[in-house]
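A.B. asks: Below you'll find the structure I mean.
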Amino acid sequence: MSSTEETFSEESPRGTTQDASDRSPGRAVGATARLSFTISAIVVAALFATGAWQRRWIADDGLIVLRTVRNLLAGNGPVFNKGERVESNTSTVWTYLVWFWSWVTDGRLEFVVLWIALTLSVTALPIAMYGTLRMLGRGVGLRGATLVLPVGALVYIALPPARDFATSGLEVSLCIFWVSVLWVQFVGWSRRTPGEFGRGTIAATLALGFTAGLSPLIRPELTVVGAVVLVLVFLAPMGWRTRVGFVLVAAVVPVAYQIFRMGYYGLLVPNTAVAKDASGSKWGQGLKYLTNLFGPYLLLLPVIVALVAGLLTWVLRRQRRDRAADTAPDPDRSRVARFRDGLQRPGVVAVAMVVCGLIEGAYWLRQGGDFMHARVLLVPLYLLLLPVMVVPVVVPAIRRERSAPQLAGAAAMLALFVTTAVWALLTAQSPGMTNGTDIGRSGIVDERRFYIHNLGVTHPITAEDYLNYPRVRPMVELIDEHRDVGGVLLPSANYDEWYYDPLPSPPPPGVAKQMTVYFLNLGMTSMNAPLDTRVIDQVGLAFPLAAHTERLEDGRIGHDKALPQEWVVAATTARDRHPFLPRRLSEDWVAQARTALECKDTRDLVASYAAPMNLSRFRRNLVQAMTFTNYRIDDVPYYELQRCKLPDPTGSGALPTR
């Protein structure tokens with residue numbers, strides 16, 4: 001019997017069998033369900049693939065990971081700039097996945113990441129639908145014709161931002177793929193008999209532990225999802241050897257990488273997490289971000305439909321006469337034992353994933369959301385939709401089982417599906433957020449439309465496509481012109497010009513003749529610059545000094561750190577006097593920043609990522625990783641001097657004007 005047919009067949013309580021007459025209707029249900037599920041999965045995958053391809057692109061942030069991949073392929077290690085150990089990518093698995101396929105195919109990086117993202121996105125939906133099918137099977141497999149129809153899957157693929165980020169070069173595709181695989185494994189675990197472990201069951205449980213254990217390497221905030229799964233499985237009945245093996249398999253990769261991260265990078269988390277800084281809360285901005293997603297698409301309607309569909313499925317399940325999954329409690333077992341047995345149930349698994357989705361959503365609302373329309377709420381929404389990715393419409397074949405509630409339930413479920421389908425059809429054509437190409441007061445933009453508008457390219461994918469963005473083409477020309485001297489490129493107010501501040505000639509001892517570009521848009525600049533050019537940003541994704549400043553209280557979300565340019569001039573030892581120094585920069589601020597960099601704690605921080613790597617450095621980073629992660633500097637040099645109790649080189653005794 002196939003897996004789908006087995007899922008929908010009528011099964012008796014564990015340890016019993018049914019006679020042939022009872023099994024026959026189950027096989028009929030299985031055939032109908034299998035066919036409708038297959039059609040649903042193919043249609044959803046095809047629609048999502050078509051929609052994602054029509055909106056294919058690579059975001060500026062999606063290009064950031066490719067700089068790290070270029071350095072890996074060049075033998076410089078997992079770094080953004082050669083000679084600086086900075087983890088500029090939030091998703092570790094995404095970085096190495098792109099690196100691996102780039103190495104295997106030797107293809108152009110932008111197209112490699114495009115196809116990886118598209119493949120993961122399109123395959124994630126059918127996998128998630130199959131997981132929901134397995135969850136629903138024994139609970140709603142009535143003796144009759146069963147149609148398995150997509151509801152949650154249609155809600156997700158209909159959203160324009162879901163199709164935008166199906167490519168984009170960002171790790172959203174990896175996240176929903178990982179969630180889908182975890183969902184299938186988790187549901188499969190819930191279908192097994194508690195405490196009964198054969199070789200296949202043990203292997204499947206260990207595989208579940210491995211997948212859940214990867215959560216912090218998929219994205220740090222997904223650790224919550226992995227932890228919930230691991231705790232539930234750990235508390236359920238299993239032998240002590242299996243339990244120990246489960247813990248080891250779940251921990252080996254994330255713990256090993258965490259040790260590497262602490263020793264190599266000197267941090268507990270990716271540098272991007274320090275730059276984006278989870279401290280503080282911005283609930284008001286988070287609610288604006290939520291409204292920015294729900295408003296344009298009337299998303300509340302399908303969310304309510306999905307909730308009703310989930311509740312209706314549960315009600316119909318409770319009305320089943322033969323409950324394959326609901327055995328009578330054993331009075332001889334203790335309350336604790338019965339509680340642990342009860343953890344291994346499909347209903348518990350479904351509730352757990354919904355709770356994870358709510359926690360993930362609340363986390364991002366507290367953070368204030370993101371500057372990209374809908375991006376960080378897509379995975380929480382996906383988690384919430386998992387239990388209703390598909391829903392069953394069941395008409396009992398046996399006349400005496402065709403009760404009014406059962407027939408009404410089937411009609412209601414069909415109506416919910418039709419409502420979802422109509423909404424999805426209309427939403428798929430929606431233009432999305434109004435004024436999506438403008439950075440308004442909320443700071444949120446439709447990132448894809450923003451770059452299409454500013455680049456004049458329908459599908460911006462390659463680094464060359466981004467040469468049309470203001471300042472990027474002149475940057476390439478200036479790097480080529482001044483690379484033999486070295487210096488710093490600072491953006492001017494003119495979109496076609498940069499300020500160039502050269503290094504002294506000859507440069508100070510130990511200072512290489514290197515060009516440094518200081519610009520917010522890190523992806524397009526780094527991918528259009530050679531690897532021997534240092535590319536850093538004021539938010540701190542690739543520049544730890546900026547990352548270790550405090551968030552600006554009223555800054556644009558995702559851009560709420562802005563290290564003054566004087567720090568870059570000081571750190572690179574570029575000319576610190578006018579006319580070489582741009583007129584709008586302060587000579588006094590540069591002098592104060594240069595002295596502030598002599599602060600012992602700051603020098604230790606810089607050494608953690610810039611000093612040569614050896615066993616001694618690895619050990620020191622490992623010990624001080626927590627200290628470095630929590631360390632912050634003041635972005636105003638004068639106040640930083642006071643914090644470090646250092647003398648003011650200007651002798652003014654007051655905050656210099658700029």
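Including glycine, each Cβ sits where the backbone N, Cα and C put it.
Note that TrEMBL annotation is computational and uncurated.
From TrEMBL, for reference:
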- 512-627: domain 'Terminal beta-(1->2)-arabinofuranosyltransferase C-terminal' (DOMAIN)
- 1-27: region 'Disordered' (REGION)
- 33-53: transmembrane segment (TRANSMEM)
- 112-133: transmembrane segment (TRANSMEM)
- 140-159: transmembrane segment (TRANSMEM)
- 165-188: transmembrane segment (TRANSMEM)
- 200-218: transmembrane segment (TRANSMEM)
- 224-240: transmembrane segment (TRANSMEM)
- 247-267: transmembrane segment (TRANSMEM)
- 297-316: transmembrane segment (TRANSMEM)
- 347-365: transmembrane segment (TRANSMEM)
- 377-395: transmembrane segment (TRANSMEM)
- 407-426: transmembrane segment (TRANSMEM)
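Can you tell me where each of these features sits in the structure?
C.D. replies: For the transmembrane segment (112-133), same-chain residues at least 6 beyond its ends with a Cβ under 8 Å from one of its own Cβ atoms are 4, 7, 33, 37, 40-42, 44-45, 48-49, 52-53, 56, 58, 62, 65-66, 97-98, 101-102, 105, 148, 150, 152-153, 156-157, 166-170, 172-174, 176-177, 179-181, 183-184, 186-187, 382, 386-390, 461.
Within its own chain, the transmembrane segment (165-188) is flanked in space by residues 48, 51-52, 55-59, 61-63, 65-66, 90-91, 93-94, 97, 110, 113-114, 116-118, 120-125, 127-128, 130-132, 134-135, 204, 207-208, 211-212, 214-215, 218-219, 222, 225-226, 229, 346, 349, 352-353, 374-375, 378-379, 382-383, 386, 447-448, which lie at least six positions past its ends and keep a Cβ under 8 Å from the stretch.
Long-range Cβ contacts of the transmembrane segment (224-240) within its own chain (Cβ-Cβ under 8 Å, at least 6 residues beyond either end) map to 179, 182, 186, 189, 194-195, 197, 205, 208-209, 212-216, 246-247, 250, 337, 340-341, 343-344, 348-349, 352-353, 355-356, 359-360, 363, 383.
Residues 135, 183, 186-187, 189-190, 221-222, 224-225, 228-229, 232, 283, 286-287, 289-290, 310, 314, 376-377, 379-384, 386-387 of the same chain, all 6+ positions outside the transmembrane segment (347-365), place their C-beta atoms under 8 angstroms from a C-beta of that stretch.
Beyond the ends of the transmembrane segment (407-426), by six or more residues, the same chain brings 149-151, 154-155, 157-158, 298, 301-302, 305-306, 308-309, 312-313, 315-316, 391-395 to within a C-beta distance below 8 angstroms of the stretch.
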A.B. asks: So what pLDDT does the domain 'Terminal beta-(1->2)-arabinofuranosyltransferase C-terminal' (512-627) average out to?
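C.D. replies: Across the residues of the domain 'Terminal beta-(1->2)-arabinofuranosyltransferase C-terminal' (512-627) the model's pLDDT averages 96 on the 0 to 100 scale.
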A.B. asks: How many helix, strand and coil residues does the domain 'Terminal beta-(1->2)-arabinofuranosyltransferase C-terminal' (512-627) contain under DSSP?
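C.D. replies: DSSP classes over the domain 'Terminal beta-(1->2)-arabinofuranosyltransferase C-terminal' (512-627) add up to 52 helix, 8 strand, 56 coil.
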A.B. asks: Given a Cβ distance threshold of under 8 angstroms, which distant residues of the chain, six or more beyond its ends, lie next to the transmembrane segment (377-395)?
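C.D. replies: For the transmembrane segment (377-395), the far contacts come to 29, 33, 37, 40, 125, 128-129, 131-133, 135-136, 140-142, 144-153, 155-156, 159, 161-162, 165, 172, 175-176, 179, 183, 219, 222, 225, 289-290, 293, 303, 306, 309-310, 313, 316, 350, 353-354, 356-358, 360-361, 364, 369, 402, 406-407, 409-410, 413-414, 416-417.
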A.B. asks: Report, as numbers and ranges, which residues of the same chain sit near the transmembrane segment (297-316): CB under 8 Å and 6 or more residues beyond its ends.
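C.D. replies: Non-local partners: 136, 139-140, 142, 151-152, 155, 158-160, 347, 350, 384-385, 387-388, 391-392, 394, 406, 409, 412-413, 416-417, 419-420, 423-424, 427, 430, 432.
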